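What follows is a short report on a single structure.
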Amino acid sequence: MDGAGESRVGGGGGDGSVGVQIRQTRMLPDFLQSVNLKYVKLGYHYLISNLLTLCLFPLAVVISVEASQMNPDDLKQLWIHLQYNLVSIIICSAILVFGLTVYVMTRPRPVYLVDFSCYLPPDHLKAPYARFIEHSRLTGDFDDSALEFQRKILERSGLGEDTYVPEAMHFVPPRISMAAAREEAEQVMFGALDNLFANTSVNPKDIGILVVNCSLFNPTPSLSAMIVNKYKLRGNIRSYNLGGMGCSAGVIAVDLAKDMLLVHRNTYAVVVSTENITQNWYFGNKKSMLIPNCLFRVGGSAVLLSNKSRDKRRSKYRLVHVVRTHRGADDKAFRCVYQEQDDTGRTGVSLSKDLMAIAGETLKTNITTLGPLVLPISEQILFFMTLVVKKLFNGKVKPYIPDFKLAFEHFCVHAGGRAVIDELEKNLQLSPVHVEASRMTLHRFGNTSSSSIWYELAYIEAKGRMRRGNRVWQIAFGSGFKCNSAIWEALRHVKPSNNSPWEDCIDKYPVTLRY
């Protein structure tokens, strides 16, 4: 501080002494320094959230006091008054019963997540950095610049040494074929489904709806038909196969299954999310198309949904909201993740340099829709007031970023890469523990595409952090360009399922990441 009326108090002694300046004329403490503003905001949140309760409580007390002072004569007079207004009471009661009946009959039935399973590949499919680079060199398809670029991407990617690539990629040269791609798909899908059916004791023939999503591998017969054939599902099953929809297709598949469950009562739906690497490895030298080689790894998930009321007791979660955003009408957004051929005719997926900016814009649109559905009224009031002030003062006011930590206890951010997680952590003002599941999933399994959000949810369960009433925000990005959100509410204290992908390594995490 500068100016007169000050004194300096020294403490600690020696050259390392600490000085505190005090303005003698100040009569009150400096609240900006002595009060942590986040606690002020938290108090405001509690006040606004419980405002109705605070207003109704005095009214309830007054009514209780008045009722306690009534004598038998007062009650007799009240009964006589009701007899003279019997017709009005009957009409009001009939309207109330009719309204309640309509509400009960037309309200959407809840959709429960009974359980889910993530595929854990065998150890011999692991691809440490050194083996990955050596195999890439031995194929003879990459020049020195491309090899060095892949090495740098791997070192900065956030991936660990225990991620997995398909069986075909472990050979030199890689044994790429339709048969190998089918084998990869079968291992992943059937591995996740076998574990799911074992954990839930559900007969596959009881499944009424099947939704499978895989962007880059769409054989004939379809992947969903492969599952029907493997498990001998019933002939009238409603099966769907989603292709080309990118890493956010898992949420799209859940949304489709939810819509089907609202129409078809008393049934189960299975959602299978995976990606196929065998036939989609890029063997060229275009740097923007080499990045997927370094990030994408083997993985898949299977989710069992139910609309049966009796399944609520054994289910883990209830689906609360699904919000989908599609920016395909914009040419830049449409082409920012694009499968194409390079100048030499080799096919791969190209990532645009505008990808992160487009993802940010798409996220902003998505949370603008999501916010009013999930944020407490305190945050909505602050957000609205900021918009009004911003309009009045011609944009001189910094926009208010809603605090989504007040709406959710857990975040499953798509593990698309370190940059994606970094940007969401920064822009949503999350703490490191909120993105821990995403970073550790990226480190342990890599980018498993649409199934990554389920590996993250499995991590949270394995850590024992999921409590009854907790809300989870799954958020994923995908080609097109899309940003999709799914909100789940825990129905109980959730424990990890048997054969969780984290079962053998959860005690090692979280790990310290060095780039």
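Glycine residues also receive a Cβ, built from the backbone N, Cα and C atoms like all the rest.
Copied over from TrEMBL, here are the features:
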ACT_SITE  CYS247  active site
ACT_SITE  HIS326  active site
ACT_SITE  HIS410  active site
ACT_SITE  HIS414  active site
ACT_SITE  HIS443  active site
ACT_SITE  ASN447  active site
DOMAIN    103-392  domain 'FAE'
DOMAIN    409-489  domain 'Beta-ketoacyl-[acyl-carrier-protein] synthase III C-terminal'
TRANSMEM  44-65  transmembrane segment
TRANSMEM  86-105  transmembrane segment
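Sequence features, as recorded in TrEMBL, placed on the structure.
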residue : record      : Cβ within 10 Å
CYS247  : active site : 28
HIS326  : active site : 20
HIS410  : active site : 23
HIS414  : active site : 30
HIS443  : active site : 21
ASN447  : active site : 25
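Applying DSSP to the domain 'Beta-ketoacyl-[acyl-carrier-protein] synthase III C-terminal' (409-489) sorts its residues as follows: 34 helix, 21 strand, 26 coil. Cα spacing between HIS443 (active site) and HIS410 (active site): 19 Å, rounded to the nearest whole number. If you compare Cα positions, HIS326 (active site) sits closest to CYS247 out of the active-site residues CYS247, HIS410, HIS414, ASN447.
Close to CYS247 (active site), meaning Cα to Cα within 10 A, are the following active-site residues out of HIS410, HIS414, ASN447: HIS414, ASN447.
ASN447 (active site) sits 8 Å from HIS414 (active site), taking the C-alpha atoms as the reference points.
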